[in-house]
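K.L.:
If you scroll down you'll find the structure; I have some questions about it.
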Amino acid sequence: MESSAGPMELVAALLRGLTPRAEQLLQLSSGGGEAAAGGAAEARAAVATVAAALLGCAFLVLWRRVSAGRKRKREEAERSAAAVAGVGKGGKNASAAAGEEAGGADGRKRVTVFFGTQTGTAEGFAKALAEEAKSRYDKAIFKVVDLDEYAMEDEEYEERLKKEKISLFFVATYGDGEPTDNAARFYKWFTEGNERGVWLNDFQYAIFGLGNRQYEHFNKVAKVVDELLVEQGGKRLVPVGLGDDDQCIEDDFNAWKETLWPELDQLLRDENDVSTGTTYTAAIPEYRVEFVKPDEAAHLERNFSLANGYAVHDAQHPCRANVAVRRELHTPASDRSCTHLEFDIAGTGLTYETGDHVGVYTENCLEVVEEAERLLGYSPEAFFTIHADKEDGTPLGGGSLAPPFPSPITVRNALARYADLLNSPKKSALVALATYASDSTEADRLRFLASPAGKDEYAQWVVASQRSLLEVMAEFPSAKPPLGVFFAAVAPRLQPRYYSISSSPSMAPTRIHVTCALVHEKTPAGRVHKGVCSTWIKNAIPSEETKDCSWAPVFVRQSNFKLPADPSVPVIMIGPGTGLAPFRGFLQERLSQKQSGAELGRSVFFFGCRNSKMDFIYEDELNTFLEEGALSELVLAFSREGPTKEYVQHKMSQKASEIWDMISQGGYIYVCGDAKGMARDVHRVLHTIVQEQGSLDSSKAESFVKSLQTEGRYLRDVW
């Protein structure tokens with residue numbers, strides 16, 4: 001069978017067919033009279049035809065690349081799910097299994113394990129539970145499924161869920177009570193479908209949530225999904241697990257898991273099965289690592305320099321962007337640092353909207369990487385390849401391993417780009433280290449810290465003291481795991497850092513601006529902690545200084561933190577410190593709107609910092625926005641200048657009447673900054689303003705504020 005012609009072949013054929021005729025037409029048009037006019041017209045038509053063909057083929061290429069990317073991502077998810085479910089070659093894939101009713105022809109009950117993850121923890125728990133469940137229930141099939149990959153189109157969610165009988169959900173809450181990126185589409189579909197009624201009569205489920213109790217909307221996503229599942233007919237097997245990452249979320253997961261087993265026993269064991277089962281011991285995950293000679297690897301090493309060929313850029317397919325500008329925003333009098341950085345995205349295909357976030361992948365600094373090399377005992381220049389399968393193609397770890405990073409790669413580059421070395425290690429990492437500790441005393445100590453008996457000591461010595469992975473490894477120098485174990489079980493994958501974009505494409509279409517405060521603080525254990533990304537940003541070399549500039553893999557994450565569609569609507573912005581970032585973009589956008597003739601509504605910006613002479617960032621720009629009319633009023637709070645500390649929430653109280661008037665006129669309220677302190681205080685003050693200025697009791701004031709959030713008029717970009 002002949003292969004079909006590709007888009008470029010079609011264009012080539014079209015050009016070949018038109019070229020001879022085009023030459024004739026050009027000859028005719030160079031003459032005079034009607035023949036020349038007719039020739040010119042036909043020549044223009046020919047050119048238009050070619051242009052249309054080229055444009056059509058360009059769209060076709062783009063569509064194919066996007067479709068191929070989605071298909072590839074779907075196939076990867078299916079392979080992973082099939083591996084965990086025990087489906088081998090010739091078996092049904094995950095999507096086919098997802099559509100089957102429980103208790104198919106093979107008589108095996110099926111359990112679907114969904115996850116929505118931002119950093120990989122929820123996915124790790126989902127896969128760990130599925131692996132353990134396989135050992136407990138040999139007559140059941142467990143499928144692990146990415147919520148985003150479960151359905152390619154929104155309408156498929158309901159169709160597929162109707163066929164599920166037993167499902168487990170691992171969902172994290174991110175940001176201001178929001179779902180993770182890969183759960184966002186499902187969450188939006190599920191929470192906005194208010195007309196479904198009761199339709200999950202045969203659906204049994206359990207949910208484990210991942211959150212942080214320090215944040216206002218602790219495990220909101222898990223709680224909302226649970227509430228809606230019950231309303232729509234689902235039967236809850238066990239209470240929602242509320243994992244708290246502020247303490248030890250692994251302990252929370254294990255405790256919840258123990259409540260789940262008795263319920264699954266009732267559903268998945270035969271009546272005649274009276275076995276209690278053996279104690280399950282999880283295998284230590286390990287990638288297959290092969291060291292290769294430098295001359296064999298040099299021409300094969302893949303890196304992000306080739307990453308700009310993707311049709312769509314996301315966390316899995318970032319875009320290489322050079323640093324164009326870097327400058328310090330604090331004055332020399334300040335003992336802290338804040339950097340203004342600009343990524344050059346010209347020609348990359350990357351675009352953004354005002355209010356979006358940029359994800360930045362950076363590297364561990366050299367001194368940290370060198371310490372890791374010393375502790376592991378590997379040569380920094382050694383090349384290796386890393387694989388999630390055996391040499392025969394069989395998945396390792398039952399398919400529970402995350403896809404490895406690109407290789408061949410040197411030990412130094414792998415540690416710099418992909419290993420999270422500075423966060424505190426999880427208990428599972430301590431178990432892995434204990435397995436490879438040659439000193440039995442060290443091994444016993446590591447196992448104790450990871451055990452239920454060592455819970456309090458782990459909480460104090462590791463979590464409360466903020467000991468990093470490298471600090472813990474330094475305390476147990478005999479623990480030298482192989483690279484395959486280190487990257488699979490000890491060091492989590494280094495995650496991108498997200499920043500509110502501090503520019504508007506109306507003013508900077510080919511630049512993404514970032515405003516970043518340097519993280520440089522002493523931990524309780526005495527170590528000076530340097531933020532991975534903020535340190536890189538502070539030391540970045542811009543292209544305005546040298547052609548050999550710094551660069552990073554970046555991508556844009558869309559946000560709902562947007563200005564009102566109608567520029568005449570009043571706007572209240574609250575953002576101390578680097579919380580100013582998105583509002584700088586807002587004000588650039590409003591200035592552009594004004595310059596285009598739009599009538600702007602009143603806008604007030606509450607900004608706070610320590611001292612006007614030290615950390616009043618973008619002061620000149622803010623004054624320009626005032627002068628040009630993009631900003632109506634700038635309200636300043638300096639916490640270290642007067643005899644008493646003043647913060648933005650205090651200034652809000654002083655402007656209570658004005659704020660209420662703007663809200664009453666349909667105004668929007670935006671808050672950006674620290675979620676644990678400032679955003680909570682601002683929320684309380686807003687509640688008080690609504691209650692007092694609106695003459696409402698406390699419960700009605702709370703309902704009013706919630707209605708502002710529901711209507712999208714009270715938005716927060718907090719961390």
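Glycine is treated like the rest: Cβ placed from N, Cα and C.
Below, the features straight out of Swiss-Prot:
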type	residues	note
TOPO_DOM	1-42	topological domain 'Lumenal'
TRANSMEM	43-63	transmembrane segment
DOMAIN	111-261	domain 'Flavodoxin-like'
BINDING	117-122, 172-175, 210-219, ASP245	FMN binding site
DOMAIN	316-564	domain 'FAD-binding FR-type'
BINDING	ARG336, THR578, SER639, ARG640, LYS645, GLU646, TYR647, VAL648, GLN649, ASP681	NADP(+) binding site
BINDING	ARG497, TYR498, TYR499, SER500, THR515, CYS516, ALA517, GLY531, VAL532, CYS533, SER534, TRP719	FAD binding site
K.L.:
Where does TYR215 (FMN binding site) sit in DSSP terms: helix, strand, or coil?
P.N.:
coil
K.L.:
Where the distance is taken from Cα to Cα, which of the binding-site residues THR117, GLY175, ARG497, TYR499 turns out closest to GLN649 (NADP(+) binding site)?
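P.N.:
The answer is GLY175.
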K.L.:
Can you tell me which of the binding-site residues ARG336, TYR499, LYS645 is spatially closest to GLY175 (FMN binding site)? Compare CA atoms only.
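P.N.:
Given the candidates ARG336, TYR499, LYS645, the nearest one is TYR499.
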K.L.:
Tell me which of the binding-site residues ARG336, VAL532, SER534, LYS645, TYR647 ends up closest to GLY120 (FMN binding site) in space, Cα to Cα.
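P.N.:
For GLY120 (FMN binding site), the closest Cα among ARG336, VAL532, SER534, LYS645, TYR647 is found at VAL532.
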K.L.:
Give the distance between the Cα atoms of TYR647 (NADP(+) binding site) and ALA517 (FAD binding site), rounded to the nearest whole Å.
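P.N.:
Computed Cα spacing between TYR647 (NADP(+) binding site) and ALA517 (FAD binding site) is 19 Å.
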K.L.:
To the nearest Å, how far is the Cα of SER534 (FAD binding site) from the Cα of SER639 (NADP(+) binding site)?
P.N.:
24
K.L.:
If H, G and I count as helix, E and B as strand, and all else as coil, what does DSSP give for SER534 (FAD binding site)?
P.N.:
helix
K.L.:
Looking only at the topological domain 'Lumenal' (1-42), what is the mean pLDDT?
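P.N.:
Its mean pLDDT is 42.
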K.L.:
Just to verify a number: CA distance, LYS645 (NADP(+) binding site) to TYR499 (FAD binding site), in angstrom, no decimals.
P.N.:
28
K.L.:
If you count the other Cβ atoms within 10 Å of each Cβ, which of the binding-site residues ASN212, SER639, GLN649 comes out on top?
P.N.:
GLN649
K.L.:
Out of GLY120, GLY175, which has the highest number of nearby Cβ atoms, where nearby means within 10 Å of its Cβ, if these are the binding-site residues?
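P.N.:
Most Cβ neighbours within 10 Å: GLY175.
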K.L.:
Look up ALA172 (FMN binding site) in the DSSP assignment and report helix, strand or coil.
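P.N.:
Once the DSSP labels are grouped into three classes, ALA172 (FMN binding site) ends up as strand.
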K.L.:
To the nearest whole angstrom, what is the C-alpha distance linking ASN212 (FMN binding site) and ARG497 (FAD binding site)?
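P.N.:
Their Cα atoms are separated by 18 Å.
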K.L.:
Which of these binding-site residues has the least crowded Cβ, counting other Cβ atoms within 10 Å: ALA172, ALA517, VAL532?
P.N.:
ALA517
